[in-house]
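Contents: one structure, followed by commentary.
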Amino acid sequence: MIYERYEDLPTKSYDFVIVGGGSAGIVLANRLSENAEVSVLLLEAGGTYENAHMAHIPFLCTMLGDTDVDWGYKVTPQAALDGRVVPYPRGFVLGGDSAISESCTGFISSVRSNWRQDYMVCTRGSAEDYDRFAKVTGDDGWSWKSLLPYFHKSEKYTTVDSRDATEYDATHHSTAGVHHIGLPMAQRDLDQRVIQSLSDEFPFNSNINSGKPIGFGWFPVSVKDGARNSAVSSYLAQAYLARPNLHVLIKAHATKVLQTGTSDAGPVFRGVKFVQKGDFSVMHTVTAAKELILSAGVVGTPAILLHSGIGDAKVLEGLGIKSTLNLADVGQNLSEHTLSALSWEVNSTNTFEAFTRDPAGKEAAEKQWRESKTGPLSTPPCTQIGFLRLPKSHSIFATTADPAAGPNTPHIELMFGNGFLGPPPPTGNYVTVAFACVTPTSLGSITLASNDPLAAPLIDPKLLSTEIDRVTMRQALKAARQFVTGPGFKDYVVRELSAEVPDTDEGIDAYLRATTAAIFHGTGTARMSAKDAKDGVVNPDLLMKGAVGLRIVDASVFPFIPSAHTMLPVFALAERASDLIKDAHKI
Ligand SMILES: Cc1cc2nc3c(=O)[nH]c(=O)nc-3n(C[C@H](O)[C@H](O)[C@H](O)COP(=O)(O)OP(=O)(O)OC[C@H]3O[C@@H](n4cnc5c(N)ncnc54)[C@H](O)[C@@H]3O)c2cc1C
């Protein structure tokens with residue numbers, strides 16, 4: 001049941017209190033409340049988006065950034081992007097980022113106005129990404145082999161059409177999980193052009209989620225029957241919400257975790273303080289009999305910890321915050337994928353512009369979606385993806401170690417859009433290739449601007465601050481240009497829209513500085529490390545180092561950013577965490 005007011009909660013005593021109703025928190029709430037004897041409270045700062053019409057339309061839910069379901073963050077001026085400030089949306093709503101994902105690619109928000117791009121991409125990353133997690137944490141439970149059953153437990157793959165038989169190997173998916181995923185429904189002009197342009201250089205991959213993502217192909221999206229599927233519509237569907245032992249309190253902004261005791265193993269943190277929208281002057285407290293779990297995401301989790309005095313003691317003292325646990329890595333190691341794009345004018349009218357610019361086309365598309373959940377709006381803007389590596393011979397490797405987790409892990413991602421991504425130019429029809437660096441080495445931070453827990457933290461992902469990240473983005477842009485010279489684009493492409501970008505490294509770098517931004521896949525700000533390691537924030541069982549009663553389960557614990565869009569990895573993480581918690585408490 002969802003409650004809006006603390007006073008209305010039927011009880012104030014729970015076995016587990018989860019802070020943050022996003023991708024991870026919702027999975028935990030679902031799994032921990034499977035046992036009717038176990039009581040669970042899920043606290044979420046945002047509300048619900050039930051009435052936000054566009055949130056449910058796959059193509060239009062691109063526009064959720066900068067609305068009341070977004071925290072509305074921006075990054076600090078990015079030195080390597082000529083000081084540009086770019087948006088850093090996070091879901092401020094039950095469902096968290098899964099409810100607004102994949103909105104707004106950096107270049108779109110910063111260069112193409114505030115239109116937000118939402119891809120709802122479902123990717124897992126490479127097997128090597130997870131084997132590296134296992135290696136650095138010393139816990140084989142984080143390896144690909146061990147996590148694959150959790151990816152399967154999470155997903156409910158639905159066959160969409162004949163593509164499954166001919167162009168996609170669905171055997172890598174499970175049909176028995178909770179979260180609906182499936183291939184995109186709408187057929188687009190661009191689809192076959194991409195397939196026709198594949199080559200030795202751009203090879204076909206029949207399933208980029210097999211653990212070996214390199215190559216090009218379709219990807220599943222978070223859509224069910226033509227409508228967006230978020231963690232709320234799957235893991236928090238009515239059947240689960242109806243459990244009497246699961247309570248969800250929305251509009252509850254956690255300000256601090258509360259020390260509830262001391263022990264030989266360190267301070268005990270089983271309480272949380274929070275305020276509610278409507279009256280920030282009243283502070284509420286709840287405590288957990290078994291565990292407090294932070295799932296407030298890569299920004300929210302470190303912010304709550306820092307305000308609680310858990311972080312670098314010296315820095316916190318400077319802000320007037322009393323230290324309760326000296327853990328210097330809290331808020332550090334922020335890792336983020338970077339993204340930009342190029343568009344080309346094409347000699348077709350069968351592109352997004354037919355319904356993004358033409359009012360009659362837009363009205364017809366919306367009508368079709370309303371009546372049958374089909375048509376162009378039933379599918380997110382991009383439906384095909386490609387993963388590539390930097391050439392082995394690249395000179396950067398003479399001076400810099402390969403940042404990928406292994407030889408089957410990509411450095412570069414390309415995604416294809418059958419039109420201009422963003423408000424279209426007044427005339428013309430387009431295709432777009434968005435390109436990303438998925439092995440960033442730039443590490444940033446989440447820090448506090450003040451000791452006011454309701455003030456926005458400082459988000460500094462330090463985008464493109466390392467040479468290899470810049471080289472990777474440059475190579476990605478070149479790969480995008482190369483791709484559209486393929487056979488599928490012959491006699492189709494009229495001109496590159498950014499043709500003024502010279503084909504020199506200097507010219508490309510200037511374009512990238514002006515257009516690159518984050519994809520919003522941040523990880524690492526409460527990084528897990530090996531059990532006895534002095535660095536890191538949580539142990540491999542996700543319990544806070546040097547403390548008792550507090551566990552962290554969200555994207556902040558990933559020790560490296562996977563070469564994937566991060567929602568499915570977070571689902572798998574939370575599925576395994578649920579089992580770790582159940583085992584620890586024998587429930
Ligand atoms: C705009 C956008 C688009 C994305 N698109 C995709 C995509 O297409 N595919 C993909 O795989 N991944 C995508 N991602 C990434 C993916 O959604 C996230 O990595 C993942 O959902 C993170 O899950 P989480 O549980 O760590 O955090 P979240 O899902 O962000 O959950 C954190 C929750 O905690 C709440 N919270 C924060 N602070 C507090 C507080 N103090 N008190 C109470 N509650 C609090 C937040 O409101 C939020 O609901 C996208 C992310 C964003 C932001």
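Just so you know, glycine gets a Cβ as well, placed from its N, Cα and C.
Taken from TrEMBL, the feature domain 'Glucose-methanol-choline oxidoreductase N-terminal' covers 14-338. For the domain 'Glucose-methanol-choline oxidoreductase N-terminal' (14-338), the mean pLDDT of the prediction comes to 89.
Reduced to three states, the DSSP call for Val93 (FAD binding site) is strand. According to TrEMBL, the FAD binding site annotation covers Val93.
Per TrEMBL, domain 'Glucose-methanol-choline oxidoreductase C-terminal' is recorded for 440-574.
Long-range Cβ proximity for His521 (active site, proton donor), meaning a same-chain Cβ under 8 A and a gap of 6 or more residues, is found for Glu336, His337, Ala555, Ile561, Ala564, His565, Thr566. Taken from TrEMBL, the feature active site, proton donor covers His521.
In the three-state DSSP reading, His565 (active site, proton acceptor) counts as coil. The active site, proton acceptor annotation in TrEMBL covers His565.
Its Cβ placed at the centre, Val93 (FAD binding site) has 30 other Cβ atoms within 10 Å. For His565 (active site, proton acceptor), the count of additional Cβ atoms within 10 Å of its Cβ stands at 27 [all protein chains shown].
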